[in-house]
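Remarks on the structure that follows.
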Amino acid sequence: MTHLTTPSATDGTPTAGEAAVTVARLSGAAPARWTWGQLGLLVVLAVVVLFTVPNPSLAIGMLIYGLWAAGLNLLVGYGGLVSFGHALPFAWGGYAAGLTLLHVSSSAWLALLVAVVSMAVLSALVGAVCLRRTEVYFSMLTLAFAQLGFFIALQWDDLTGGDDGLAGIPVPTLWLPGTTVELNALRDPLTFFVVTAVLVLVVFAGLILYTESPMGRVLQAIRESEERARGCGYSTRLVQLATFVVAGAVAGLAGGLFAMLNNFVGLQPYWLLSGVVLIMVILGGRSSLFGPFLGAVVYLLLESTLSRYFASWQLIVGAIFVICVLAFPQGLWGLLTQTLPGLFRKRRRTR
Amino acid sequence: MTEPILTAAGLDRSFGGIHAVNDVSLEIPQGALHAIIGPNGSGKTTLFNLITGHTRPSAGRVRFAGEDITGMPYSKVARKGLAKSYQITTVFPLLTVFENVRIAAQAAAHSYVFWRPADGIRAVVAHTEEVLERIGLAGERDVIASNLSHGDQRRLDLGIALATSPRLLLLDEPTAGMSPSETAATVELVKELNRDVTILMIEHKMDVILSIADRITVLHQGEKLFEGAPEDVKSHPRVQEVYLTGTL
């Protein structure tokens, strides 16, 4: 472990969010921090999605992908750990929930519980290996595990349905105090949307609390200087591993919900989304939890609109992504909370 | 007599063919302000790294506060109450000054709490404010650390170490690159800190060392050349020779 012996980190090594430095340098003070306000924004966004997105399956998908991306940003934005394999926990959650519904019980709670708990355990194992390295080596290890999962899902067709996936997952029933509802996205999309929105909001609130807690703050400190965080007495690997587990569990929940939404789990799209969810995070912005959520909504909106008119819609999305990264490296969230207010301030000053 | 807070016995470390630290022993009594001096490459920083666990000694033992800490990982050594400030300023660059110190201040009791907001823990916030007052950065609390002047970053680096409430503070050239006025302020700060914490420091500026240290160890080419009180160091012929000519 040679990096232990060299005094590290501040000698010009780029950290996550160099642009934030620039912005911070320009203003000379800390950028405005949004904490619980993000929860309010998410409520507004969910309502807007509910009333403006005509396709209910897309609207529900936005909530699910949004939560998944927000969870990934714990690693990417807050931890400086860029996972290239975040499809693994999403797909695992999907298969775990799907198999539970198919073979065990139609209880939605049970299926989601199995998805989340099993994925948390698996994340602890995968994370323990991946976190033995940092930076790009960490990314490559996460990618390798996602590929491993893909091929297992492909080969083990007795269990996973292989290439065909698991079709015909039964409609789950959700027990609520005093009543039981069916989560049928086709027949009753509103119930599905509301249930998903409530779950997503609760978990999102938990994520905000995590980033604001002593442990979440240490995570951000480690991103800034792992050496210094160690010097304060923190077991930095442990904090990163805990975060890896949280992000994995959240992705497992999202994958489980996605399986219920589509009554299907398979190689496509589940295993192919590691890049997509990372794009959502970067498009939305890495400096908040709401940003990636917004990024997911915008990405899905672009996808659904463009794919209607262009066969090669991904080319256009890719171009938009490149432009965004070059022009607004802090993503939509940075654009909305830093760049635009900065412009207004400047205009007022010149006047 | 109480046991010294830090004892290094026969520390040895070589890198390839270079003997960076050669059979160095130290005893730092409780409350001391002990300085290590020596020309560039004399093994001062390596000696620090051997004490903090950054580098494993090839031979020798380190005892801290009555416990053998040889080869213990740095984070664990830090938890025992040994804090270090860095020769190359090491702060959390994109966090505010307040958060830099607060992170260190929460380490003692709240490391792995994830169920309540960090800013709501009053004892930690109060301790952070106290440290900021002490290092003179209370007015800069909301500034992003990387925007501070070099001298202020050095003080913040020291403040982070201080906020962990250490029993022994290792300072690696605390006045490196500072202007004369910044140096004077830091010297005052170090003196003041020494009232309640034991300090072991590396320093290049002779005038700084002679004015504050109560005991001095001179290293040369990895070996202990001399150890004694400041006035004896000044008059020691071999030390003068090393410092004047750079060779022996």
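Placed from the backbone N, Cα and C atoms, the Cβ positions cover glycine too.
A quick note: this is a predicted structure, and the numbers were derived from the prediction, not measured.
Annotated transmembrane segment per TrEMBL: A:34-53, A:65-88, A:108-129, A:136-156, A:190-210, A:238-259, A:271-301, A:313-336, in sequence order.
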Most Cβ pairs under 8 Å with the transmembrane segment (A:136-156), selected from A:190-210, A:238-259, A:271-301: A:271-301
Proximity verdict for the transmembrane segment (A:271-301) and the transmembrane segment (A:238-259), three or more C-beta pairs under 8 Å: no
Whether the transmembrane segment (A:238-259) meets the transmembrane segment (A:34-53): three or more C-beta pairs under 8 angstroms: no
